[in-house]
Structures are given as structure tokens and as C-alpha cells.
Amino acid sequence: MAHSAVPQPFRASRPAAPLSGTHRVPGDKSISHRALMFGALAVGTTEITGLLEGEDVLRTAAAMRQLGAVVEQTGPGAWRVAGRGVGGLVEPADVLDMGNSGTAARLLCGLLAGHPIFAVMTGDASLRKRPMLRVTEPLSTSGASFWMRQGGRLPLAVRGAVEPLPLDYRLPVASAQVKSACLLAGLCARGTTRVIEPEPTRDHTENMLRHFGATVRVEDTPQGRLIELEGQPELVAAPILVPGDPSSAAFLLAAALLVPGSRVTVANVGLNPLRTGLFETLREMGARLTVTNARTEGGEPVGDLTAEYGPLRAVEVPPGRAPSMIDEYPILAVVAATAQGTTRMRGLQELRVKESDRLAATAAMLAANGVGAEIAGDDLIVRGGEAGIPGGGTVATHMDHRLAMSGLVMGLAARAPVAVDDAAFIETSFPGFAALLNAACGAAAIEPT
Ligand code: S3P
């Protein structure tokens, strides 16, 4: 299941025809990880439809099997998880390898902290650089013990708590992964776990906990958003419909905004308001972006999104919007390169600890293709304009799927083709990316080199 160790260089060129048609993108990555994990903790059998079958999520599926759940694929995107009940996971016989996935690794830390078992976790070279203390510190207060490399890096070993204590934690950073790790540990503890987040972050964990029958209270306080979870609930298996991933739809929609004459619809996209900061920003830039068929499915808002090519203007993106579009800055930076004026995206410090240092890598991606970009403190500044994107450069992707996809979308709009050094990591979140974009423009605009 590991992506090829051999880099897969790709190139994208301006298509002869605009992008058109109605398309679907793979299932939401955040919801897919959680569906497998909560399914493993529930009593009964959880049927999942629309699961993202990307490498990150398949790592979570493998880990849940190692922890004793029965996880099987029953059809394309259709999965069945026979759970073990809260507190019922078993000690894994081997190392848990979470590949490229920070979400899988951090959420799993929470899950393991609440079980009286010993486990070792590792990941690929990108994940082994990412900070884990942000989860292990609060989780240690439950009684779990963690051992890690210098600076809190993977591999790590954990011995979960025998009698886990509820957590009471104020997150120093806005992170849905840290919040979710705390709530997962809190499931196994007797009493009420309390988490306060400085800014609201994606709430798929809270939604799914309720969907499985847990009691979760959410309240906005002067200190931030307070989430309270009653420990040791019986989670009862419930069907899960995973919507299309808005973070994946972003690439197709951005391509339509950038290639003259395009009009594309992405059907069945998750529109959780804590995920839609990019769409709000694009509208502020003057993008023609509309939602139709808005509905609620499986507790999450869903709709069809249509994007149409047109002129765009620069904007300032406030720091408070970062949690709702944290994964979308690289593709927004590409869009900003074609907008009239200078776009400033503020408060992007969290981008430094993603699959790569996305702040530096995004600025470098633009600079390598003739676009004026600079980093000022924690802000990214992109100089757009009539000249558009010259292109002709190579994007260094640093094992980061979103940089690879952003670079390729940039190539569709640039005057000269854009190369990316390694597109293999796109498999972590968006299997079929190149084929889908090529189908939308009716040509092999994105191809291996
Ligand atoms: C995620 C939370 C975000 C996001 C990641 C998925 C999640 O990370 O970048 O792709 O599913 O909880 P942080 O919690 O580090 O902001």
C-alpha cells in the first residue's frame, strides 16, 4: 500500500479546451479516518459509504485491524467495521505505521492513551518530522505514558492508562487533530472531558460522536469554544455517508477559475462551515462560485459546487479564517497569482508543521514559476496581475500531496508548462487526481514525465 519509493515526476500544461462537466471527488479524508476509528470503538457493525480509499485512510484501516477491529471493503468506497466497544481495543502485535498521515497518527495517540495497552507508532520521513508533543502533552494527563525521539518526533511508544482520567485542556493552537485526540482519550475515561479551543476548528469528531450516541456539549465562552464529552459512553454502530472532500474539490474548482472559458460542477461536496473558508475567500475575490442542491447528509451539510472562469481581485485573508481553510492555502496562493493586486494571507504559522513546511514550500513554488511571492512573519504575500503565471519551473513537493496538486493546477493556467518533482503523494488524499482533471479538460494536460 505504500506509495512508490521512486519519485513520480509529472508536468501540467495549458489545455486547449476549457474545463467543463459535472464531476465527483473522493470522500472526505477527515471524516473517513474518523469513520474507521469510531467504527472500531462502537458496538456493532458500522457500514461506511463513500470512504476515501487514499493511502492515508488505508493506513488507519490497517491500524484498526491491528487493534482488533474487523475492517473489510465490501465494494468501491463501501466498508464495514465490526467494532470492539469503547475500551475494547487489543494490543497490536507489531509497529503501527501511519505513513504520511498526521491525522491518523495524532488521533490514534488519543485512542491508544485510553486503552491499557503498549503500542509503537511510526510514519514516513515527512510524518517523522512533525511535532507530536502537541498531543502527547495533554494526553499524558490522562495517565498514559509516551516515549519519543528528540523534539517529540515519531517513532513513539505509548503505554495507555489503566484507569484513564478525564482531560481538562485548553488548546494552545487551533487544531482539530489535538482536540480530537483529547476527545478520543476522554471516551475511555470516567467523567467529563473538557477541551477549549481558541478558534473553532472542524467538528467532525463531535458530530460523529453524537451520531454514535455519545453526549457532547458545545458552548462558546469568552475563553473560546468549550467542548464537553461524557466519558465511557456506549458507542452504537451507525451508518456513515462520507461526502466528497471540499479540500479535494478545491483543486478542480480552482482549475475552473483559472482556465479561460471553464465551468465545472463538483457534486456532493461536504460543506461543513468549519471547512469552507476557501470558498468564502474565493467569493470575496469575485469568483463565480455557486452552491446548488444544498442538503444535510449523515449529519454534515453537503451540496454541489459550480465554479466559472472570470476575473479575480486580490484580498486580505484574516488570520481567524485559517482553521476553516488550513489545507487550502497552497491552492489559494496559485489562484491569487492570477488575481488583480497583492493578496496577503495572514497568520499562517500552522502551515509550517504540515506534511511539509507549506509556508516556505508554497512561496518557493510560486517563485520557481515567476510569480512574486514572499513571507513576512507568518503571512504569505502573493503579487498577482495581468501577466498571470509565467510557469516553466519545477515545484519541489517535499512529500506533500497538496503542493503537488497545487503545482499541477498552476501548470494548467501558466504560459509555460509546470513540472512537479514527485506526484506520488497525491495518492494519500486524491487517487485519480490527474485522470479527473484531464477528463474535465478533455486532454492529457497533466501527465507523467
Ligand atoms: C485535520 C485537521 C487539520 C488539517 C488536516 C486534517 C483533521 O490539521 O490540516 O489535514 O482531520 O482533524 P490540524 O489539526 O493540525 O490543524
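Every residue, even glycine, has its Cβ placed from backbone N, Cα and C.
The stretch that TrEMBL tags with region 'Disordered', taken from the ranges 1-25, 26-50, 76-100, is 1-25. The 3-phosphoshikimate site recorded in TrEMBL includes Lys29, Ser30, Arg34, Ser175, Gln177, Lys354, and the single candidate from Asp220, Asp304, Asp327, Asp379 that the record places there is Asp327.
Separating the Cα atoms of Ser30 (3-phosphoshikimate binding site) and Arg402 (phosphoenolpyruvate binding site) is a whole-number distance of 15 Å. Residues distinguished by a CB atom under 6 angstroms from ligand 1 are absent from the binding-site residues Arg34, Arg130, Arg358, Arg402. Note on the binding-site residues Ser30, Ser175: the fewest other CB atoms within 10 A surround the CB of Ser175. Under 8 Å, Cβ to Cβ, and six or more positions away along its own chain, Gly102 (phosphoenolpyruvate binding site) finds Leu127, Arg130, Gln177, Lys354, Glu355. Comparing Arg34 (3-phosphoshikimate binding site) with Asp327 (active site, proton acceptor), their Cα atoms are 18 Å apart once rounded.
With Lys29, Gly102, Arg130, Gln177, Arg358, Arg402 listed as the residues that bind phosphoenolpyruvate, the site has a largest C-alpha separation of 19 Å.
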